[in-house]
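Here's what TrEMBL has on this protein:
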{"type": "COILED", "residues": "A:208-239", "note": "coiled coil"}
{"type": "DOMAIN", "residues": "A:246-446", "note": "domain 'Histidine kinase'"}
{"type": "TRANSMEM", "residues": "A:10-27", "note": "transmembrane segment"}
{"type": "TRANSMEM", "residues": "A:47-66", "note": "transmembrane segment"}
{"type": "TRANSMEM", "residues": "A:87-106", "note": "transmembrane segment"}
{"type": "TRANSMEM", "residues": "A:112-134", "note": "transmembrane segment"}
{"type": "TRANSMEM", "residues": "A:146-166", "note": "transmembrane segment"}
{"type": "TRANSMEM", "residues": "A:186-208", "note": "transmembrane segment"}
Amino acid sequence: MTTLVDRDKLIQGILIAGFAILLQRFLEQPYWQVLTKLDESITRGDSGRLIIAASFMVGLNALRALPVYVGAFRAVEGVDSKQKPMAILVAGSIISLTFTLLYLLEQGQWEWGVPLAVFLGASGLFLLWGRGVLKFWHKVIIIGQLLLGSYWLAIAPVLTPVGFGAGELSTGIKLAGQFLNAESTLNFVSVAFFLPLITIAIVTTGLIDNYQKIIQQINERKKRENQMQRVQLAAAEARVLQEMHALVHDLKTPLTTIRGLNSLIEMTAANDKQAEYAGRIEIAAENMNGMISEILYEDVREPITIHSLINYVRAQIIPEELEQRFHFDVGQDMPKISVNKVRLARALVNVIDNAVRATRQNVAGRVDILAVRNNGGVEFSIKDNGDGMSEKELDMIWQPGYSSRNSSGLGLTFVRKVVENHGGSIEIDSQPDKGTVVRITIPDGRGDGHD
Amino acid sequence: MTKILIIDDEEDIRYTLKEICSLSGWNTCEAVNGNMGLKLFKKERPDLVLVDYHMPELDGLATVKALRKLSTEVPIIVLTVDERQQVADTFLDAGASDFALKPIKAPDLISRLKVHLSILKSTQGQVEDDDVYTVKGISKATLKLVVDYLKTCSNGASIEEITDGVCLAYPTVHRYLMYLVDRGDILVQADYGKVGRPKNRYYNK
């Protein structure tokens, strides 16, 4: 049963309904006003004042009853939308209990006609028509309209036999009407207010319902568009990668020629020096070949010391006139790790670039790059004291296409891909205006436990 | 004089190959694609063919198949950057004799070509054409080369050692070893070395 009812909403509903009892205290004075006006109408024989007294009473009754219904239908929001009988039961019991309490406190007469009419009207509108699209405030407005309309029924003498207007004041107004010979006027006024107000309530419900549905459609369309954009972006990324792949692959052909002819020179070298040069050229060409392989194939790994990796990264940081202070710190006794040097370095440079951008406006901008041992692997942390990000931004940064500076938004997605491909992990901590720390952990990469 | 046909669409690669061959005293003729290569093959009757894998107009694989129809015994060596065994098997099935993996290095290529030229010499005239291939992708002469090498290794040999010893490409050696193991001609034993995964060592029975 607990799954059928949301307890928070139920409690909220009961509290709102209970507010009606508090409100009762403040409405005593205005209710006296009604009685005064009623007296005046009788003493002066003025049925106009009677109508004014009646309007006053209707307004006050509606105001007093508003929290009861609002509370009841708030509680119903917590009921599973498929459980309609259950919803009606919850609303019905809250309304009848609150009213019973109210009348007991007031020692008044139980009047069931108007409350029942409003209850049925609201249930019909919300549960059968509104179908869950109505928001809380929409319900408050609609209930207000229903109440203002329905309480007019309480002053129609013709409806007294079927249970309308049994309360003290309503009875008073009706008696005064009898005394002033204005019963038919009361009947007429009652219907003349009831019908348009109820119609307005129904029309309002229809309009809000329609409006909500349009909003829903717009949101859905927006969601679809976002999704499409993401797909397009992924396709663009794939195309760029493919293009890059082809371009990089083309580098291998001239390299083949260089190494082939160089090996000929080495074989036929006229002297030792020439042979040495050729040897050096071969080493350089082989390094280049290795880099090309690392760019082309994610899984290509080579063992590397953290020092040389960091040096390789440092060499790639664009030495434009940087205001920020850089601080590199590589711990003692660092292990060698097996990584795709080109890709991992690119990922680190990417994160460092972000840190540089975040501290650009900062007078005392500072970027710390640390590498420490971590369970046989290495933890790199890139810390800046720049702009930082809010929690909302942090949630979004992993989505491809998100960018705080209108770039392609592929940066962090690439970083994560590289880190995950190395079996590592990445986490980001950030506080607005304090700065950001990115921690990247890379295992030693040898996979097995052999030393 | 030994003549080698080079089929590659890259001018620079053809030049490099030509220079390496001429250093060893071999003549060369060049074709820029598979179709031209086939024409030249019929005309020049080379002793050995070097074919590039990726080519416009009749790629390496189709060229190898077409060449094998023209001659069952001429050594065909495929130039490729792709080291995957799957690719190698496709070529060997099509009738290729061996691979020269890019990057091409003069000493390696020269010794590889020498091996195939000597295999060719030893088989020429001795065996019937139909008998050159025992099964698809396995040439008797090359098989003999591998088996003979294994006979000289009393302690067995790893696949890398065999590759160096017989001057054939790794994928080729792998293919022949698998064939020999399948037939039960040689033994395999896992060698738990110091680092990484165990390596297989192959022993002559």
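Indices start at 1 and increase along the chain as displayed.
Note: Cβ is positioned from N, Cα and C throughout, glycine not excepted.
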Residue numbers, six or more beyond the limits of the transmembrane segment (A:10-27), whose CB comes under 8 Å of its CB atoms: 60, 63-68, 70-78, 90, 94-95, 98, 101-102, 105-106
When counting Cβ pairs under 8 Å to the transmembrane segment (A:146-166), the leader among A:47-66, A:87-106, A:186-208: A:186-208
Spatial neighbours of the transmembrane segment (A:87-106) far in sequence, C-beta under 8 Å, 6+ residues away: 5, 10, 13-14, 17-18, 20-21, 24, 64, 68-69, 71-73, 75-76, 79, 81, 115, 119, 122-123, 127
